[in-house]
Structure formats: structure tokens, C-alpha cells
Amino acid sequence: MSADPRLILPLDLSSVSEARAMVETLGDAVSFYKIGLELLATDGMALARQLKGEGKQIFLDWKLHDIGATVERSARVLAGAGCDLLTVHAEPQVMAAAVKAKGGSDLKILAVTVLTSLTDADLIELGYAFSARDLVARRIRQAIEAGVDGVVSSPQEAALAREIAGPDFLVVTPGVRPFWSAKNDQARAATPADALKAGASHLVCGRPITAANDPREAALKVVGEMAGL
């Protein structure tokens with residue numbers, strides 16, 4: 001069994017050397033990697049370029065959130081690096097700037113709707129007048145209007161995203177936990193099969209793989225759960 005390109009493995013590790021070791025351990029079981037804020041300050045871009053040179057796909061989960069001009073300049077640099085996916089916060093000005101910056105590159109812009117660790121109660125505490133589902137729907141529509149390529153949404157909102165956005169929109173779902181693993185801090189988790197059936201185009205699955213005694217075997221088990229869906 002080989003890698004499924006719909007499975008994205010987050011390299012949420014403390015150093016580039018640890019991340020590099022994990023990639024070597026996983027071998028051909030994973031072909032798509034997410035590089036987040038943990039590695040941003042420790043040569044994460046160098047790792048991204050290295051992995052791209054080895055034929056891997058790269059998702060920069062940096063959740064850009066600043067004034068439009070700053071987001072545009074930053075996204076333009078990242079588009080030139082040849083990465084595949086980049087996250088920005090789902091605010092109209094931010095999304096429009098990132099879309100403008102990517103130009104004719106292959107970079108796909110993903111809007112972050114609502115973090116999967118947040119519950120409806122959390123959103124009320126933060127001052128939002130919407131449930132997670134309603135806020136996700138609102139931001140998906142704004143993302144479509146801004147011209148982004150997809151959204152990051154929890155498995156529970158994947159069907160909503162697919163219904164609103166149609167078949168060609170990317171729906172990347174973190175908070176994916178195989179049936180044999182714990183939910184950890186993902187308040188709105190689902191199995192790989194559940195997320196794909198709901199409409200997800202890509203799944204982000206981390207600790208069930210990286211914290212396993214045999215990460216490669218765990219990755220292949222997840223790929224097996226995705227097979228045929």
C-alpha cells in the first residue's frame with residue numbers, strides 16, 4: 001500500500017531534525033506534509049524546499065493574518081517557493097490579498113474558518129453571535145467571494161462546506177482521528193471515513209501517526225481507512 005495524496009501529515013515537531021527523521025521513518029507511506037508555526041522559526045522554509053525537491057507536496061499552515069499589503073507581500077514570496085497550500089485567516093481583506101499575491105503560481109490559498117479546538121461555548125465567550133456552524137457558513141461564502149481555493153473546516157462542517165461551495169472547492173479537515181486513537185484536543189473530531197464521506201478533499205492527521213510506536217504502520221492504517229472513499 002502506498003501513500004494517499006489526500007492524507008496530510010503535520011510535522012508539528014520541535015526541530016527540523018526531528019521533522020526530517022519523521023519523514024525518513026514514514027518513507028513512501030506519506031507524500032503530503034504540513035509545516036506549521038512550530039518549525040517557522042527553525043528553518044521551516046528550508047525543510048519545505050528540501051521536501052519539494054524530493055517530490056513531496058507541502059502545506060504551509062501559517063494562518064497569515066495582517067493588513068492586506070503585508071499578507072500580499074508574504075504570500076507572494078511563498079508562492080515563489082513552489083509550495084502547494086497556504087492558510088490565511090478568513091477575513092475578506094486578508095483572503096483577497098493572498099489571492100492577488102499567488103498570481104499564476106500553483107499555490108492554493110485556504111481560508112481558516114473556525115479552529116477545530118473551539119466549541120460553540122468558546123465562541124460565545126469570545127464574543128461571537130454565531131454558532132460554529134453558522135460562522136463557518138458565513139466564512140465559506142466570504143471565501144468563495146474572495147476567490148480562494150478552499151477552506152479549512154472541521155469534519156462536522158465538511159458537508160456544509162461542500163454543499164455551499166460545490167465539487168471543485170478544497171475542503172481540508174483537521175481534527176481527524178482514526179477509530180483506534182484518542183481525540184486529544186480536537187473538540188470536533190471524526191474518523192477518516194466519516195470526514196471523506198462528509199465531503200472533505202484532504203485530511204490532516206497528526207498525533208495518531210507521529211506518536212505511534214510505529215509511525216509508518218500507523219500511517220498505512222489511516223490510508224487503509226481511506227481506501228475506496
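Glycine is no exception: its Cβ is also placed from the backbone N, Cα and C atoms.
Taken straight from Swiss-Prot:
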type	residues	note
BINDING	D12, K34, 61-70, T116, R177, Q186, 206-207	substrate binding site
ACT_SITE	K63	active site, proton donor
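For the recorded site, W62 (substrate binding site), the DSSP three-state label reads strand. If you draw a 10 Å sphere around the CB of G68 (substrate binding site), it holds 17 other CB atoms from the protein chains shown. Secondary structure from DSSP puts G68 (substrate binding site) in a helix.
For the pair D12 (substrate binding site) and the residue listed as 'active site, proton donor', the Cα-Cα distance reads 15 Å. Rounded to a whole value, the Cα-Cα separation of T116 (substrate binding site) and K63 (active site, proton donor) is 14 Å. Counting Cβ atoms from all protein chains shown, W62 (substrate binding site) has 17 others lying within 10 Å of its own Cβ.
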